[in-house]
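Visitor: I grabbed these lines from TrEMBL:
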- B:11-226: domain 'Coenzyme F420:L-glutamate ligase-like' (DOMAIN)
- B:11-14, B:45-46, B:K50, B:N118, B:212-219: GTP binding site (BINDING)
- B:D115, B:D156: divalent metal cation 1 binding site (BINDING)
- B:T157, B:Q214: divalent metal cation 2 binding site (BINDING)
There are 2 protein chains.
Amino acid sequence: MGITLIGVEGMPLVGEGDDIAYLIIKALNEGGENLLDGDIIVIAETVVSKAEGNTIDLEGIEPSPEALDIAERTGKDPSLVEAILGESSEIIRVGHDFIVSETRHGFVCANAGIDESNVDDGLATPLPRDPDGSAERILQTLQEATGRELAVIISDTQGRPFREGAVGVAVGVAGLSPIWDRKGERDLYGRSLQTTRVAVADELAAAASLVMGQADEGVPAVIIRGYPWKHLRSAGSVKSLLRPRELDVFRD
Amino acid sequence: MGITLIGVEGMPLVGEGDDIAYLIIKALNEGGENLLDGDIIVIAETVVSKAEGNTIDLEGIEPSPEALDIAERTGKDPSLVEAILGESSEIIRVGHDFIVSETRHGFVCANAGIDESNVDDGLATPLPRDPDGSAERILQTLQEATGRELAVIISDTQGRPFREGAVGVAVGVAGLSPIWDRKGERDLYGRSLQTTRVAVADELAAAASLVMGQADEGVPAVIIRGYPWKHLRSAGSVKSLLRPRELDVFRD
């Protein structure tokens, strides 16, 4: 089995109101490439937020006393801290230069996923408000324009506990179920499989990140071709990647 | 930029004393494939441990009182718990059906990385004793046999806090540095990059996992072709992926 990762090159800088699906198809066509049945399109969350006009003007923010306090403990800009608090439903850990919180969507990540890279000075991009919805809209446009059966993943680059370095993860999905549940399957020796739930959408996002790099408007979208995902074809939600709070031993 | 993931198909079940590098080259040749300069070979840790004769006979283990206690709390087999304790330097969390510990190598993962799948009944495979060393030996043999400049990653499938499902991660590396440190680089708007450290080896392992599946002796090795890693060419160690305990806010 072979899988190919193809960067969508030549996309312009994305601004508010842009149609990401259209920009992807245009860039692919200009590069002599087309979408095929089964292609999975991974798109960096920054460009989705920017296209949706979902940016935060840090200069217009008045930090609360809580934000001023956390800013002092972390060395972060008080306006950015206030923006992080605004995106968060709960602060989980405050480190010496970061804040781990649960976002309003339920993601546990650093700085509520707010990105200050690849956006105009003074602005920051939070995660898309409804990443599954954004993925679904892009998927519908891509499928209508091409007649192909596709899936869309919106990705972010996030750190994690215990391991250094950030990796690509899925923050929105459409057209496929993000978890491959292999319960009941057998290994090569006929024994039950031990790891039965694989976070395929996160692995796809990590793979795409290798092509995107982090200057993610250079290559903000990646086509993953040849991954067989018929067994995952369903109306999935990224929420199935989020561990329920009561099952997570690393939450207080 | 395009990257191709090629599964090494047709490898036999691996047993003690087998030369993994030789088996990979043989299977590739029989499939009409060759290694090229710049290829990264990702190998499932289970087959490395088995080739090194590093298996645990669970039936020959006498559980300690601590193992019996944890077995009762987790519902796990007492002999397996004893094996997990033996592989661990510290127990970090005990859940209702799992044990998160730090292994002797420094990995924080569930069940000390001991695998009961894809090995004979009554046996379990721990992580390789010295995964970087194993990767280095395989790399040397592959490079001598082919004359190509390569890198090797030994991978495992592990769960993580906060997110459901397991993903491929690197547990050993040779020939490349696992972290891409982009400090000092600029984004498309000329601002300093926010995420400067990317865990490339983990992203490569996650990508390979898409091809391996979890029945990992079916496709226990994957060639990653076309990923430009000249900037990572160094004598790396997987230890640079492990966050120092004092910097991790999720350790007590």
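Here the Cβ of each residue, glycine as well, is placed from N, Cα and C on the backbone.
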Visitor: Rounded to a whole angstrom, what is the C-alpha distance between B:M212 (GTP binding site) and B:D115 (divalent metal cation 1 binding site)?
Guide: 16
Visitor: Where's the emptiest Cβ shell within 10 Å among the binding-site residues B:M11, B:L13?
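Guide: If we count Cβ atoms within 10 Å for the binding-site residues B:M11, B:L13, the smallest count is at B:L13.
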Visitor: Tell me which of the binding-site residues B:L13, B:E45, B:G218 ends up closest to B:D156 (divalent metal cation 1 binding site) in space, Cα to Cα.
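Guide: Looking at Cα distances from B:D156 (divalent metal cation 1 binding site), the smallest one goes to B:E45.
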Visitor: Given a 10 Å Cβ-Cβ cut-off, pick out the one of the binding-site residues B:E45, B:D115 that has the most other Cβ atoms nearby.
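Guide: When each Cβ's neighbours within 10 Å are tallied, B:E45 tops the list.
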Visitor: Does DSSP give B:M212 (GTP binding site) helix, strand or coil?
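Guide: Its secondary structure by DSSP: helix.
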Visitor: So if the criterion is CB under 8 Å to a CB of chain A, which of the binding-site residues B:M11, B:E45, B:K50, B:T157 qualify?
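Guide: The binding-site residues close to chain A are B:T157.
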Visitor: Of B:M11, B:E45, B:G218, which binding-site residues come within 10 Å of B:T157 (divalent metal cation 2 binding site), going by C-alpha to C-alpha distance?
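Guide: If one measures from the Cα of B:T157 (divalent metal cation 2 binding site), the binding-site residues that come within 10 Å are B:E45.
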Visitor: Using all protein chains in view, find how many other C-beta atoms are within 10 Å of the C-beta of B:T157 (divalent metal cation 2 binding site).
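Guide: Taking every protein chain into account, the count is 27.
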Visitor: Just how many other Cβ atoms lie inside 10 Å of the Cβ on B:M212 (GTP binding site)?
Guide: 25
Visitor: Taking the Cβ of B:K50 (GTP binding site) as the reference point, list residues of the same chain whose Cβ is under 8 angstroms away and which are at least six residues distant in sequence.
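Guide: The list for B:K50 (GTP binding site) reads B:V14, B:G15, B:E16, B:D18, B:V119, B:T125, given in order along the sequence.
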Visitor: Measuring Cα to Cα, how many angstrom lie between B:E45 (GTP binding site) and B:D115 (divalent metal cation 1 binding site)?
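Guide: Approximately 10 Å lies between the Cα of B:E45 (GTP binding site) and that of B:D115 (divalent metal cation 1 binding site).
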Visitor: Rounded to the nearest angstrom, how far is the Cα of B:D115 (divalent metal cation 1 binding site) from the Cα of B:G218 (GTP binding site)?
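Guide: With the alpha carbons as reference points, the distance is 16 Å.
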Visitor: Please compute the mean pLDDT of the model over the domain 'Coenzyme F420:L-glutamate ligase-like' (B:11-226).
Guide: 92
Visitor: Check B:K50 (GTP binding site) against DSSP and tell me helix, strand or coil, would you?
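Guide: Assignment for B:K50 (GTP binding site) reads helix.
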Visitor: Please report the Cα separation of B:D115 (divalent metal cation 1 binding site) and B:L13 (GTP binding site) in Å, rounded to an integer.
Guide: 16
